[in-house]
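**Q** Below are the features I grabbed from TrEMBL:
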DOMAIN    296-501  domain 'TM7S3/TM198-like'
SIGNAL    1-24  signal peptide
TRANSMEM  293-310  transmembrane segment
TRANSMEM  317-337  transmembrane segment
TRANSMEM  343-364  transmembrane segment
TRANSMEM  371-392  transmembrane segment
TRANSMEM  404-424  transmembrane segment
TRANSMEM  436-458  transmembrane segment
TRANSMEM  483-502  transmembrane segment
Amino acid sequence: MQREMSRWTWVLLLLLSSVCGLQAQVESRVIFLLGTFQNVNISRNETVQVVVSRIPPEVAFITLQFHTRYRNATLSYTRVPDQGLSLTAADSGLVSVLQPSQTLLSLFLSSPDEESVSGTGVILSFSSTEPVPGACNTEFSLDVDPNVYIRYNLYETAIRFAPANLGNERGQTPPACDTSTGTSTRWRLQYDVYQYFLPENDLSESSLFAGIQAVADIRGMMASGRLVLTLKSTDKTTMVFGSIPGQGVIYSVIVRDPVLNTSASYVPAHTYACSFASTLDGCQTLGKISTKVFFTITGLAGLFVCFFGHRFFKCELFCMGFSFAAFFFFVLITRTTQLDYDIRLAVSAVVGAVGGVLLVMSWWRFGSVMACVVVVGLMLGFLVASIVLFTPLGDLDVFRNSDVVFWLTFCCIMVLVPLFFVRWPREGNITTCGVVGAYAVVLAVNAYIYTSLSYITLNILKRFLNNNFSAVFTDAPFQTSDYAMITVWAMLGVCGVVLQLYRERSRPFFPPSPYLMWLQERERRKTNVLDPSHHVPSLPGRLVERARQLIRRREPAGEHTPLLL
């Protein structure tokens, strides 16, 4: 009797465990609808089964894409991920080629790092006439890889993707990839590379998911994204962009068949050009303290120069000499040494101070206003050249393919600006004070709140420091905060220039050199005997007399003559 009860107990336990297992399996299943986004939370050590049913017969293949903010998620064809049948990334996607009469499909999601992951996913369907993204993959692990891979550093962000192939009906053998290069093969396909900027200063998950949902398919990316370049099948499937740490960017590729007039989208990928996992200089703590201190002082000095630079000419010369020397010395030690960033910044500041003093002393000693104004004008020329090449002109092939053409154009613009103001040196100097000083305020604001205007000069600095930066597309987002900063820059510059021109209208063009004034004063004292200062002993004579008074023995106080009786 006891044996039968124990046997029934074991049977009940087995049934209960099987029911619990079935219940857990049901709880780990997520139903996707074609073209509809679904938010999914993956718990630790959990595998989520993604199921899509009622697939129409005209659909030849589908893509499942899943996106997280920064944590990795594993997307797999099988319940247990295997090499070549799964992909682990923050932006992952798989292509499933459907068989005849297939209406149901299952894929699997899991967390590889034993941490819970939340993300958003969508399943897109494509017909047999549309290209298959990544079907001619020979570089990555998946057999058919529709993903866009991103690699970034401080200077550049590179994207790569696998070539696509022509579509085919269900059950048919796909066309060969590399047997010929005729118009009936995949070599007729073209690839449109798109870029979409997320809102500035917004690293939130909701902002990312909203951006992904806006550009995940072909229609959304073409409407909201920016077409950067169209690649032919004979081109390398690689592109390089300028890195913007802290700015979210979504990259995607749309492959087009110009013969059938059809297209398909790769799985979009995003980057912030920074790490969420890093405790030092991560996405949440961008900007070193030393950088903030340096540019805060620079902004205050720029604000002073913007409104009072010409009146306090020596201060203006010091600030311009400081900027000129510090910038180029920072480039020099960065290219030639491996010093820490804070040390390089501190040494550059010291050298910049020396450069500012030298510029002031050259004006003090030689009194050549024109030479100093030319140096100051070069600062304005540098900024104007940077602005010109910050526009879409800087992304022209003639500048991206040749450093010589780029730097020659840059130097010509830089030199042309001070030459233009040779006829009006005072106006040129005041204009430089207003424009450059106001831009220094913009850089100070950028140390705390991101603005794309900082990349006007930062892109030039990157090109100085990185030999391969010429091939980079230097696009930057222009959003509400950027237009606000342009307004601030323009208002400060105009107000500074107008105020200084009005205040200096009745004054001499430039203050006289102190050294030349001292020489003239000395010559005047020598020749004018009626001037009381003519009879004042020279400075060495006065110093010797003072020394004699200090060492001379004092006479006793009192009467020294005999009393008269």
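Backbone N, Cα and C atoms are what each Cβ position is placed from, and that goes for glycine too.
Automated prediction, rather than curation, is the source of TrEMBL annotations.
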**Q** Looking at 293-310, 317-337, 343-364, 483-502, which one has the highest count of Cβ pairs under 8 angstroms to the transmembrane segment (436-458)?
**A** 293-310
**Q** By Cβ distance under 8 Å, which residues at least 6 away from the ends of the transmembrane segment (293-310) in the same chain are close to it?
**A** 316, 319, 323, 345, 349, 426, 429-430, 432-434, 436-441, 443-447, 492-493, 495-496, 499-500, 504
**Q** If you average pLDDT over the domain 'TM7S3/TM198-like' (296-501), what do you get?
**A** 87
**Q** Against which stretches of its own chain does the transmembrane segment (343-364) lie, if we need a Cβ under 8 Å and a gap of at least six residues from its ends?
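**A** Sequence-distant neighbours of the transmembrane segment (343-364): 290-291, 294, 313-314, 317-327, 329-330, 333-334, 337, 371-372, 375, 513-515.
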